[in-house]
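**Student:** Once you've had a glance at the structure underneath, I'll fire off some questions.
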């Protein structure tokens, strides 16, 4: 685990960075989602080696966070895991349709029964809401987040534990008030919520140019070997 402090990236700055990556950075949304999902899959591999259980339940929301989950599930399948997808509010966007088709071609199952699937898994990926989340948790996700909050199954949250405010952390009431998953992977850079997080913290962002990192005052940690993720201490987030 690295010990250097890392700066955090607000929701507004994260959105601006994404737009810049897709303009002056010349990345496509497909590339960014592929890199994010690959990072998520590697974090799962570090947290849940195959000999600890192969069944992975990936809970996907309707936006980019859910897309990251779909990509991660595809990589996990090729690593030898047995992913199951919970994707109740599917986007009609062509990118997400292709990501679903790729999983269907691999015979990866989709389920509408989250409580049932949760009883038959070894690990959960929370890819429901990401850095753009705000407001109330809408159906069908309140009960899903409550189930994640109470389960003893290990959970990896993608960019943010679902229902959390990117700036302020867990909500004061309602679904997710007590949601503290064992692990979190921050994508590109940690968000301010990390100051409230108490579990293991990974960073996936091994694609930023030094110039863009400097522009957004971000630190690029040292990644080992072929790794797309690095574990960082949660107390490293600076505001």
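Cβ atoms are placed via backbone N, Cα and C, with glycine included.
For reference, Swiss-Prot lists these features for the protein:
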BINDING   64, 65, 66, 67, 68, 130, 131, 132, 133, 134, 135, 136, 159  (6S)-NADPHX binding site
BINDING   65, 126, 162  K(+) binding site
DOMAIN    14-220  domain 'YjeF N-terminal'
**Student:** Can you list the residues of the same chain, besides 65, 126, 162, whose Cβ falls within 8 Å of the K(+) site's Cβ centroid?
**Tutor:** 59, 61, 66, 69, 127, 128, 129, 130, 157, 158, 159, 160, 161
**Student:** Which of 66, 135 has the fewest nearby Cβ atoms, counting only those within 10 Å, among these binding-site residues?
**Tutor:** 135
**Student:** For residue 66 ((6S)-NADPHX binding site), which of the three DSSP-derived states applies: helix, strand, or coil?
**Tutor:** helix
**Student:** Taking the Cα of residue 162 (K(+) binding site) as the centre, which of the binding-site residues listed as 64, 66, 68, 133, 135 lie within 10 Å of it?
**Tutor:** 133
**Student:** Measuring Cα to Cα, how many Å separate residue 68 ((6S)-NADPHX binding site) from residue 126 (K(+) binding site)?
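**Tutor:** Here the two Cα atoms lie 10 Å apart.
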**Student:** What count of other C-beta atoms do you get within 10 angstroms of the C-beta of residue 126 (K(+) binding site), across all chains shown?
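**Tutor:** Total other Cβ atoms inside 10 Å, all chains included: 28.
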**Student:** Do you know offhand how many angstrom separate residue 126 (K(+) binding site) and residue 133 ((6S)-NADPHX binding site) by C-alpha?
**Tutor:** 14
**Student:** Which of the listed binding-site residues (131, 133) has the least company, meaning the fewest other Cβ atoms within 10 Å of its Cβ?
**Tutor:** 133
**Student:** Taking just the CA atoms, what is the gap between residue 135 ((6S)-NADPHX binding site) and residue 65 (K(+) binding site) in Å?
**Tutor:** 16
**Student:** Around residue 162 (K(+) binding site), how many other C-beta atoms are within 10 angstroms of its C-beta?
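**Tutor:** That number is 27.
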**Student:** How big is the gap, in Å, between the Cα of residue 131 ((6S)-NADPHX binding site) and that of residue 65 (K(+) binding site), rounded to a whole number?
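**Tutor:** The Cα atom of residue 131 ((6S)-NADPHX binding site) is 8 Å away from the Cα atom of residue 65 (K(+) binding site).
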**Student:** For 64, 65, listed as binding-site residues, tell me which one has the smallest number of other Cβ atoms within 10 Å.
**Tutor:** 64
